[in-house]
């Protein structure tokens, strides 16, 4: 038998500036399931996390609420801890980046990087708020977009036209904090020389530490050449002051990942059997895994391993990246009630419903996961109540009535027992690979076989026949043993169901290897309902409560002046209505003005195997139509041809904007090809 593995696991640190929602929970639930699986297998697996508790946003929110930043992060940490615990996320330690351990480790790593020559200093020019007496991050500056002239845009990118730019390019800049006009000032900043680690990162990112899609994306960064990373911020700032540099603070993204180390070090102080160095020092034999979302890959797969390498610590064994959560096929929406906080969910539904649904849909890739609320109800009710729990509820009564709760009768279905045993390695392999969806499919296939076998044997019919009691007992004992196997396989996902099943089965906490054994001549406890069906009305109430959360927030906020306020969303449509529209990528082969028409351009579009003639009212925005030639755009390809005075228009190109000169032709991402369907 192999030695137990030593494994340290982390999830990304939630920011201590707001509530946990179901999108966040996607990460913590999948990490918790993987950790529980490792522990079930007998491995030493430690799961640590912490609140990310530094930064200007926290400082400013605390000021707005009239409390100290320390009070704010303590309040948020209590809320986060409660939400995680009630969702059955079982951290070995949930700490804070605002801790003594994190201060010491951040200073240590910085000093080692500086001594090794990996820190540079130079003056940078930034906007400064003269009223607040502070330098402004890009997101705290608003003004007019230098590209499209849209107002009220952030200091780094325009939400209207998508342009990116330096804050100094923004027209009519204003501080989003005070409303004052910012002034430019110079300040000395500290930079981490990330290019020093280019060769190491090129090798490390291709060494199996990342999913292929993630490694390919990072290759784009690496191929274009890495830039030095600004790791300092000026006072006032809530965080750790850089040693020996009064008024200079570590940027939140420097000390945040060090929070993984700090949380583990804090745990080591309370658990003497744990050795910090054994897990973190260079050459460590322990395994280290980070679970993160795809939005923070660059920090965890470029900056973080480079910092560790430069400071003489070990690098992660792997960084496991996941996609975003959508609800009912769309981005979470406060107006539709699908931006659901963890606590709002818990006020209406059991946590294991969502744990199972996430498990059933999670693969090992970085694709987004959709929480379809109708499918959620159907799948949980069908799989967990209708299949798994149904086996126990079908069989338990006969054993209690016919034999006072004692299981007897031997193995009544050797071929089924063997099938369950044979499936265990594949299920374990799927769990290990984080392919939870595959594991759930294989487990439910076994549940289907067990239910079909019981239905075929029909103990309820045999119980009415004289002389069939022994057969009834053997069938039902077999059913309970199969149920026990399923509980073992599902235990990482459904810990409460497993604990309740263990109480019914009258057994000690089950381990993975218990699937190799059977219960014979064993006394059961009285059966109690293990899980109830989801009531659709409760899901509807949860959505309604989420809308109420929005109304409460809107009551406190000033009226918006964004694009939705100017042009509200249209009424909802059914998916089939949308699916009837055939959207395609199109190459603009030719573009020319239409004689006698003030607004029209005539476009010749290549959509792969054919060309289309399209008239479009975009002339005011594109006075030189020849500049459109060679550009990819998007078109409605199945629009009925329309006869116009100038000819027949065979489709419609897609554009955004209010009209006139403010029309912006839409373009697909690089790599798209003419004729490809837009999905």
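Each Cβ is built from the backbone N, Cα and C atoms, and glycine gets one as well.
According to Swiss-Prot, the protein carries these features:
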- 145, 148, 158, 161: Zn(2+) binding site (BINDING)
- 334: ATP binding site (BINDING)
- 577-679: domain 'tRNA-binding' (DOMAIN)
- 14-24: motif ''HIGH' region' (MOTIF)
- 331-335: motif ''KMSKS' region' (MOTIF)
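Taking the centre of the Cβ atoms of 145, 148, 158, 161 as the Zn(2+) site, the nearby residues of that chain (Cβ within 8 Å, site residues left out) are 146, 147, 149, 150, 153, 159, 160, 162, 163. Taking the Cβ of residue 148 (Zn(2+) binding site) as reference, residues of its chain lying under 8 Å away and at least six apart in sequence are, in sequence order, 158, 160, 161, 163, 662, 664.
With a cut-off of 8 Å between CB atoms and residues at least 6 apart in sequence, the same chain places 151, 153, 158, 160, 161, 163, 165, 170, 171 near residue 145 (Zn(2+) binding site), listed in sequence order. Local packing around the binding-site residues 158, 161 was summarised as the count of other Cβ atoms within 10 Å of each Cβ; on this measure the leading residue is 158.
Classification of residue 145 (Zn(2+) binding site) by DSSP places it in coil, neither helical nor stranded. Counting residues of the domain 'tRNA-binding' (577-679) by DSSP class, helix then strand then coil, yields 7 helix, 46 strand, 50 coil. For the residue listed as 'ATP binding site', the Cβ neighbour count at a 10 Å cut-off comes to 15, with all displayed protein chains included. The average pLDDT the prediction assigns to the motif ''HIGH' region' (14-24) is 97. Taken residue by residue with DSSP, residue 158 (Zn(2+) binding site) is part of neither helix nor strand, so it is coil.
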